[in-house]
Amino acid sequence: MNQRQLEILCAVLLGFGQLFIMTGFDSESFILESVIHSIHERKPERISSYAGYNGQAVIYAFYMVACIFSSSILAISTPKITLIISAIFFTAFPLGFLFTNSYYYYFSSALLGIGFALFYQGQMGYLTSHSTRKTIESNVSLSWSIGCFCMILGSFLMASITKLSSEEPELLMNSLNVTSEPHRVGRRFSELEIKLLFIAFTVISIVGMIILFLMPSRDVENCIEGSSEKKDTFIGALKLTCSTIINPKMIQLTPLFCLCGLNITFWLSVFPTAMSFTAHNSNLIYLTAVYSFAAGLGEVIMGIMISFLSKRIQNFGQKPTMTIGAVCVLIYCTLIHLSTATYAPMTPTNEEPILFHHSYLLALIIGLICGIGDCCINSVRSVICALAMPKRRPQAFSVSKVFQALASCILFFLSPITPLYVYTIGLPILSIIATFLFFSIAKRTQQMERKMTEGTRNAAEISKKLAL
């Protein structure tokens, strides 16, 4: 096996590890509040009816704090060990729904938030230790696109289990939630359906843990940053992270990092909730599954495209990819604005949309565009963190996740009082600002790399002449 084949193998295995451990979380993001509410209706003493929202707030709060320390943990560990620990935390969360308990639920939510920070830090560390400068864009996109099959896998699981648990007439009525009361239009889950879903999510997470354990540990030659080269202590890395937060480059990239958090929170949680709260969608029981499938498909298609074009077009993974991501945000926000009631993200509603209603076809189109845009934005963030600050890559990635988690946490906190147009107008404006600021950083990074390349070439020529 040559070096390039080893790089591809590592990127593929990392992608499959992400695929399996993320399947549960991404699927849960669509249905978590509905599942919690269904459990509360049957047994109110077990858990609060709004624990779904509160739990997600806990996840992102711990995620944000853990991001500050994640690069320090990586400094005293290895990317592979960090990834395995994160997989254990991911597995602990769906396991709790087999014996739902309020204390364990919030404890596992905190673990999941920490697991998020460890996973993404370990993921970037593993990619930079198994990629060269020429292959980092391709490897990041390949790994990300495989990982994003999690939404496709999750959509099939949700659709299959929904059909299986709706075979009985009573369960079918629960799934359809047929009622004349306008405020009771949300999706309800039977106890059987919840058990089947979370058993599946737990088993899949365990498979992901095994894949991450089997990944090669050896760094490739001329890698961007070797995992075996420990250059700092825990405290030293923590100090670097804190100083990186106020670095001018990081400040200029803050809109991009916030866009990552706000964008994914909106299309992964807020918009699906709006669809569930819309009375017109009461009989569209597979709407969430169709939307999830389309989003995952968009992520995969765009990831493969970035990986393919990065080999043929220099720096395609930077400015061109960011432009595509910003355009996708503009398009899907326009479609959502025209098809969704203003107060649907906040409360169940019979309000009419501006132009047209939701349908399976529209969910497919919006999900596809959301997936493409999200893949572009996250790929760009990963690449620029790896290149813009060569001596502080782990810290730069941690800082990006701090701002992403902070933006998501704020959005979850404000979503009960935030009407639709705040998202559909605010996100496009933020994407335009982030694009212009990113272009400036990307240009300076490319100039810095050219100078470094020319310096290396000149040094080699001087050495050659001296040898003669």
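Here the Cβ of each residue, glycine as well, is placed from N, Cα and C on the backbone.
As recorded in TrEMBL:
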TRANSMEM  7-25  transmembrane segment
TRANSMEM  57-76  transmembrane segment
TRANSMEM  81-97  transmembrane segment
TRANSMEM  103-120  transmembrane segment
TRANSMEM  141-161  transmembrane segment
TRANSMEM  196-215  transmembrane segment
TRANSMEM  256-278  transmembrane segment
TRANSMEM  284-309  transmembrane segment
TRANSMEM  321-340  transmembrane segment
TRANSMEM  360-384  transmembrane segment
TRANSMEM  396-414  transmembrane segment
TRANSMEM  420-442  transmembrane segment
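Within the same chain, the transmembrane segment (103-120) stays apart from the transmembrane segment (321-340): fewer than three Cβ pairs sit under 8 Å, each pair at least 6 residues apart. Using a cut-off of 8 Å between Cβ atoms, the transmembrane segment (141-161) and the transmembrane segment (57-76) share fewer than three residue pairs, counting only pairs 6 or more apart in sequence. Below 8 angstroms of C-beta separation, residues 124, 127, 136-137, 140-141, 144-145, 148, 151, 253, 256-257, 259-260, 263-264, 267, 271, 275, 284, 286-287, 290-303, 306, 317-318, 321-322, 324-329, 331-332, 335-336, 339, 397, 400, 438, 441-442, 445 of the same chain, each at least six residues beyond the ends of the transmembrane segment (360-384), sit close to that stretch. The transmembrane segment (420-442) makes contact with the transmembrane segment (256-278): 3 or more of their CB pairs lie within 8 A, with pairs spaced 6 or more apart in sequence. Only pairs six or more apart in sequence are counted, and the transmembrane segment (396-414) with the transmembrane segment (81-97) gives fewer than three Cβ pairs under 8 Å, not enough to call it a contact.
For the transmembrane segment (81-97), the list of distant contacts is 14, 17, 21-22, 24-25, 28, 35, 70, 73-74, 104-105, 108-109, 111-112, 114-116, 118-119, 121-123, 125-126, 194-195, 197-198, 201-202, 205-206, 208-209, 212-213, 215: same-chain residues at least six beyond its ends, Cβ to Cβ under 8 Å.
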